[in-house]
Amino acid sequence: MDTIFAEATPPGRGGVSVVRLSGPKAHATLESLAGPVATPRMAALRALRDGDDLIDRALVIWFAEGHSFTGEEVAELHLHGAPVIASRLSQALLARGLRRAEAGEFTKRAFLNGRIDLAEAEGLADLLSAETEAQRKLAMRATEGELGRKADELRSKLIRAGALIEASIDFADEEVPDEVPEEALDLIKAVRSDIQGMLASYPATERLRQGYEVAIIGPPNAGKSTLLNRIGQREIALVSEIAGTTRDILELHTDLRGLPVTFLDTAGLRESSDPVEAMGVARAVQRAAEADLRIHLSVDGVPEETLVLGDIIVRSKADLGRGEETAISGLTGEGVAELLDLVYDRLRVRAADSGLVGHKRQAEALQRAVAALAIDDSLAPEFLAEALRQAAQALAMMVGRVGAEDYLDEIFSSFCIGK
């Protein structure tokens, strides 16, 4: 196994730069640069030298094999944050036979060495890309191994049910028993119900992980772009009295009280002889249909498009008068805070339905498991036992206990180099 290294901190100038090593030569390499560092898991200030060249004075620490994140020998060198120092250290490490780590290779080694399961690795990737508090909390549940523990619990029940069925076959007076033990059937029903519940929460979990989209739709000159600018508190969209100014969909990524929300400013909905504007309108209609929530904005408060349950109808340009409760003014800000309250309340309800399964790969594994368990209770015991084995294997694959090879490159390539 190669010993690898990479900067664990972002490249560029900063207060501190951390270089991480992992592999069988990590400790020996550290001592070749810093002198004896005998005590693991204890930081020490050392001069780093490559021959007669003093590279830097750094805080160093190492972890013994089996007691590190990767499961291998690991060393960390906390340097001063000038890029030239990390570059000079890299030269010294390459000269000692180490190689630069690939993206996500430290985490991949942690998985291969049994330090984390695949769901925890996916959770770590989500944590590193989290932009809001809700996403952070969701990712932390995954990194703490909740999904892996749930999968193991369900597998244990299936294994118990399978053992009861196998025992009924092995010790039956007849060649093949006619009935499946009642305890086994109860366990199968309980597992099937749990998996169906996990699958039911997948869409909400996936949306929270990816972020919600809220489309602002309505006729031309309804104030959609002005509203987007007001929400973003900066000029994002060009505002003009000329109808049809907005043609492309403009996006505003926001943290709405911990929820990841992207507001979409769309082209004004109308029939147009201008082919470019017509394309913009068509895209607006499609994107609005795909959005999680729609704000129907118009001067008269009458929506242009068919309503979907949960949509919000708002009369714009409240600064012009008429003082209705559902009116807003993107120009003055009147009613915008109340509108954002309403958007948050709508999305918060959906976020509350989130669970443990937030990745397509995980959901597909659960679908295979529940399909294997979609069996008639009157099925012959030997066939039922085989169905249980298939379901248990699908659960094991969900967290990478078996058959994870096809997913490794895709999952770990999303990490940064030093993770």
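Note that the numbers count up from 1, one per residue, in the order the chain is shown.
Including glycine, each Cβ sits where the backbone N, Cα and C put it.
Since this is a predicted model, take the numbers as computed values, not measurements.
DSSP assigns R20 ((6S)-5-formyl-5,6,7,8-tetrahydrofolate binding site) to a strand segment in the three-state reduction. Per Swiss-Prot, (6S)-5-formyl-5,6,7,8-tetrahydrofolate binding site is recorded for R20, E76, R115, K419, and the stated evidence type is sequence analysis.
A coil conformation is recorded for N221 (GTP binding site) in the three-state DSSP classification, outside any helix or strand. Positions annotated as GTP binding site by Swiss-Prot, on the basis of sequence analysis: 221-226, 240-246, 265-268.
According to Swiss-Prot, the feature K(+) binding site maps to N221, S240, I242, T245.
Annotation source Swiss-Prot lists Mg(2+) binding site at S225, T246, citing sequence analysis. When Cβ atoms from all protein chains are considered, those within 10 Å of S225 (Mg(2+) binding site) total 23, not counting its own.
Annotated domain 'TrmE-type G' per Swiss-Prot: 211-348, in sequence order.
Just so you know, of the binding-site residues R20, R115, K419, the Cβ with the fewest other Cβ atoms around it within 10 Å is the one at R115. Cα to Cα, N221 (GTP binding site) and K419 ((6S)-5-formyl-5,6,7,8-tetrahydrofolate binding site) are separated by 48 Å.
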